[in-house]
Amino acid sequence: MNPAHLLVLLAVCVSLLGAANIPPQSLNLYQFKNMIQCAGTQLCVAYVKYGCYCGPGGTGTPLDQLDRCCQTHDHCYDNAKKFGNCIPYFKTYEYTCNKPDLTCTDAKGSCARNVCDCDRAAAICFAAAPYNLANFGINKETHCQ
């Protein structure tokens with residue numbers, strides 16, 4: 001084998017080994033985004049930095065009904081984690097969307113069904129809650145105590 005080809009092959013193998021340590025993209029969050037779009041009117045990015053609980057983490061008192069939806073979703077994921085090896089952010093599930101109706105179709109009691117039920121409830125809650133633009137991108141350190 002040509003030494004140049006051997007070096008290229010070695011470089012590809014090393015790259016693949018390095019890529020194996022990169023965490024997978026969360027497919028569940030992609031499904032959650034699709035559920036939100038099926039049930040509601042806002043684009044999912046409108047919720048990422050909303051209030052005290054929408055997006056990563058959450059503390060303090062929810063600012064409004066929509067923020068309470070996010071707090072409830074966080075608690076729902078916490079409960080789903082109690083079922084064995086259930087990691088909600090990475091667990092994919094089966095559901096159907098007939099706008100605006102969402103139906104989770106995995107077996108009841110399974111990790112996938114529990115996570116789907118959490119996302120379904122949140123998507124429906126988001127669709128029913130008013131969106132207060134003043135609560136988007138707030139300083140969580142001062143508003144969420």
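Just so it is clear, glycine is given a Cβ too, placed from its N, Cα and C backbone atoms.
Out of Cys52, Cys54, Cys69, the record in Swiss-Prot bonds Cys144 through a disulfide to Cys52. Together with Tyr53, Gly55, Gly57, Swiss-Prot lists one candidate of Asp64, Asp74 for binding Ca(2+), that being Asp74. Cross-referencing Cys44, Cys54, Cys69, Cys70 with Swiss-Prot gives Cys69 as the cysteine bonded to Cys125, criterion being a recorded disulfide. Per Swiss-Prot, the disulphide partner of Cys76 among Cys116, Cys118 is Cys118. Matching Swiss-Prot disulfide entries to the candidates Cys38, Cys44 identifies the partner of Cys97 as Cys38. Per Swiss-Prot, the residue from Cys70, Cys104, Cys111 that shares a disulphide bond with Cys86 is Cys111. Of the listed cysteines Cys44, Cys70, Swiss-Prot assigns the disulfide bond with Cys54 to Cys70. Counting other Cβ atoms within 10 Å of each Cβ, the disulfide-bonded residues Cys52, Cys86, Cys97 show the lowest value at Cys97. What surrounds the Ca(2+) site, by Cβ distance within 8 Å of the Cβ centroid and not counting Tyr53, Gly55, Gly57, Asp74, is the set Cys52, Cys54, Pro56, Gly58, Cys70, Gln71 from the same chain.
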